[in-house]
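Database features, via TrEMBL:
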type     : residues  : note
TRANSMEM : B:28-52   : transmembrane segment
TRANSMEM : B:297-329 : transmembrane segment
DOMAIN   : B:304-510 : domain 'ABC transmembrane type-1'
TRANSMEM : B:349-371 : transmembrane segment
TRANSMEM : B:377-399 : transmembrane segment
TRANSMEM : B:420-442 : transmembrane segment
TRANSMEM : B:492-514 : transmembrane segment
Amino acid sequence: MDTTYDPALAGEGADDGQPLLYPRIDCRDVSVFYSGKQAVFDVSLPVFDRSVTALIGPSGCGKSTFLRCLNRMNDTIDGAKVTGEIFMDGENINSSHIDPVLLRSRVGMVFQKPNPFPKSIYDNIAYGPRIHGLVDDRQELDAIVEKSLRRAGLWEEVKDRLGQPGTSLSGGQQQRLCIARAIAVRPEVILMDEPCSSLDPIATARIEELIDELRKRYCIVIVTHSMQQAARVSQRTAFFHLGHLVEMGDTDQIFTSPRERRTEDYITGRFG
Amino acid sequence: MNNAQDNPFRSEKALKRLRRRRNADMRFQGYGIVALGFALFALVFLISAIAWKASGASTYHVIRVDLELSPQTILPEGDASPEEITRNIEGFYSLVRNDLLTRFPEANETVQSKRAFSSLIDRMAVLPLAREVADEPHLIGQTTSVDVPLSDDVDMFLKGAAPRAIFLRVGEASSPMRNAEEGDFKIEVDRLNKVSAKIAAIGQHGAEPTVLLVADKSVGRIKSMEDGDVILEILTGRQDQFDGASVKAVIIPSPEDQRSVSDQQIAWALALKAEGVIKRVPHFSLLTHTDSTYPELAGALAALVGSLLTMLVTAAVSIPMGIFAAIFLEEFAPKNRLTQIIEVNINNLAAVPSIVFGLLGATLLLGTFGLPRSAPLVGGLVLALLILPVVIIAARAALRAVPPSIRSGALAVGASRMQAVFHHVLPLALPGMLTGAILGMARALGETAPLLLIGMVAFVAEVPSSTTDEATALPVLIYSWASNAERAWEPMTAAVIVILLAILVLMNLAVVLLRRKFERRW
Ligand SMILES: Nc1ncnc2c1ncn2[C@@H]1O[C@H](COP(=O)(O)OP(=O)(O)O)[C@@H](O)[C@H]1O
Ligand SMILES: [Mg+2]
């Protein structure tokens with residue numbers, strides 16, 4: 001299997017639908033402390049490109065905390081400290097000489113609650129490309145906005161009202177707007193923290209379809225509390241418990257023949 | 001379950017508890033309504049009392065005369081420079097006075113009578129006229145109609161404020177008969193009993209009240225009266241005007257030596273009023289004149305401009321400083337011991353009495369830095385310091401009201417912290433910040449104590465044109481006018497209070513509109 005990485009393909013890669021089984025991000029012994037209290041314990045986890053990795057586990061087990069390590073969002077939390085190494089393109093992105101602003105333009109994030117900016121739909125998408133200087137003129141920007149909205153499956157619904165505030169959309173549309181906003185800065189990795197937990201089943205189904213579509217181009221890590229969702233959308237699953245990574249593997253394998261007792265208990269609903 | 005005692009809806013105990021709770025509810029609401037009612041009553045009372053007082057200053061009496069601006073009087077030296085013209089107050093004054101004197105031969109008789117007549121109008125009242133002529137010299141030699149304010153004592157009398165006077169219509173008078181004494185005459189008046197009744201109703205304060213009879217442009221003082229027979233001493237005008245004329249009586253209970261206007265002056269004023277020379281006009285000069293020692297000439301313009309300049313300095317310093325301090329503390333500063341101490345102190349600073357800031361300004365700004373006294377610059381800086389804590393606290397609250405998800409959203413697309421704040425958080429927080437700033441400014445506008453300490457209490461006759469000119473402010477003007485003894489200052493003071501209140505209401509209106517326009521949009 002080809003494990004060299006071609007940046008030109010990042011986010012724009014060939015749409016061959018096949019998971020690329022080389023680690024896009026490789027975490028080694030990652031621990032997170034909140035004001036000295038440890039929340040994540042020595043997690044080592046490779047995240048593969050062109051696939052969806054689901055992080056599952058009971059509430060409070062450190063899924064979100066771990067996810068935030070991947071784009072250094074923990075930096076914005078007072079008292080949070082991350083140790084260990086997280087490699088991306090051979091660089092340890094957890095070291096101080098990596099600028100988190102640069103990192104976040106390559107690792108996008110979608111939050112639990114849709115959080116569009118209280119600006120127009122257009123400006124929501126255009127903001128990222130503008131601040132990163134990805135475009136030279138209005139036409140290019142229009143193109144990016146359209147492409148991002150198309151990829152997020154929102155274009156047909158909003159193309160006639162790009163000037164309206166993003167907050168005027170429905171919850172599901174807002175979440176797809178946030179996904180489009182993340183896509184617009186041409187990231188290679190997209191992190192999603194329970195992106196459907198505030199949505200109704202129909203909106204959830206649309207987002208899940210979208211994730212399946214996006215995985216052909218991006219490396220996606222999704223936190224979910226729904227095992228069905230993990231089973232439906234992910235190729236790889238990692239099970240967290242009390243801050244420890246208990247087990248990880250192909251989703252099929254985790255759900256059909258978990259190696260660990262705790263995983264089995266959780267999947268069969270004996271706790272969680 | 002048929003037993004009423006067991007039914008949770010019906011049981012005695014449950015009902016009793018319910019009743020007690022309902023009573024407590026009612027009581028609490030009652031207290032609330034009483035408290036609110038009292039506050040509302042106090043407010044309405046206060047506002048209407050001030051407005052009522054101020055209404056006395058909304059109009060004033062002027063003498064409208066047609067003057068021939070003869071060069072001989074205005075330019076005695078023949079020099080038509082603006083300075084010379086404005087310096088020649090006496091010339092303009094004599095023009096006005098002599099025009100009026102032609103109507104009243106009795107005023108010309110003695111030096112005293114001439115002086116008494118002159119004090120119907122204060123000398124400085126012609127200053128605006130002099131200035132106008134200085135600005136437009138082509139008026140010299142022409143005849144113009146000018147309004148000259150009446151002296152405040154006479155104005156107060158005509159408004160019925162002080163000395164208090166009672167006006168009665170007493171019907172027709174008979175033709176006058178010569179009396180034994182020189183200058184007196186005797187008439188019969190229809191309903192003189194009305195006057196006696198009124199006098200009786202007022203009661204005696206020792207001295208007899210003055211009673212004047214007015215017929216057309218003639219005024220007489222009653223020397224004695226007996227069943228409709230009146231012995232009248234003419235003060236101005238002619239006897240024959242009482243012949244068959246309908247007569248008005250003016251009863252002035254306070255004795256002549258205890259008031260600032262004499263019977264004779266009142267007579268002249270009444271005659272001028274009857275002739276239509278004295279007119280009651282809107283008191284615009286309250287807004288267009290600067291301070292003066294004569295109430296009828298004083299205006300709040302200098303203080304208004306002084307307040308405006310002061311507020312400009314205050315806004316220019318406190319709003320950016322407060323907003324940036326708030327942004328730094330809220331969004332960037334590490335949460336450690338030092339920032340905690342700073343926070344606590346900002347909150348404490350908001351409770352420091354304003355006069356302390358005045359002292360600070362006096363010693364530091366005037367003393368150490370040697371800034372000019374009485375200047376809006378210094379006043380503005382002191383007030384800026386005074387409201388800075390308020391502005392910071394409001395701005396921080398506005399920043400905290402912006403949901404963190406907006407910040408995370410911006411950071412997640414790769415915005416720096418600075419970009420997240422300035423592109424997303426600040427625009428959302430700005431209306432709230434400005435609301436706080438305007439409320440702070442409103443507080444600064446009403447502050448008096450710190451301004452007293454830095455000398456902004458000076459008498460200012462010139463409209464300040466820059467922030468380093470000598471100036472005063474509206475609340476200080478209210479303070480100094482309120483400490484004047486003359487009655488005429490009372491309505492003037494109330495009027496300035498109304499101006500100040502109007503500005504404050506406007507500022508609060510701006511706050512409401514800002515809030516309306518930028519209701520939370522997330
Ligand atoms: N900002 C924070 N400050 C302190 N402790 C936190 C913070 N966020 C999360 N934690 C703690 O870290 C642990 C993991 O939380 P989290 O990652 O949110 O769990 P999950 O997303 O799996 O539900 C929890 O015990 C939680 O209390
Ligand atoms: Mg979580």
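Positions of Cβ are set from backbone N, Cα and C atoms, glycine also.
Within its own chain, the transmembrane segment (B:28-52) has Cβ neighbours under 8 Å at 494, 497-498, 501, counting only residues six or more beyond its boundaries. Ranked by number of Cβ pairs under 8 Å to the transmembrane segment (B:297-329), the listed stretches B:349-371, B:377-399, B:492-514 are led by B:377-399. Long-range contacts of the transmembrane segment (B:377-399) within its own chain (CB-CB distance under 8 A, at least 6 residues past either end) are made by residues 306, 309-314, 316-319, 321-323, 325-327, 329-331, 346-347, 349-350, 354, 357-358, 360-361, 365-366, 371, 425, 429-433, 435-437, 439-441, 443-444, 447, 450-451, 454, 456, 467-468, 471, 473.
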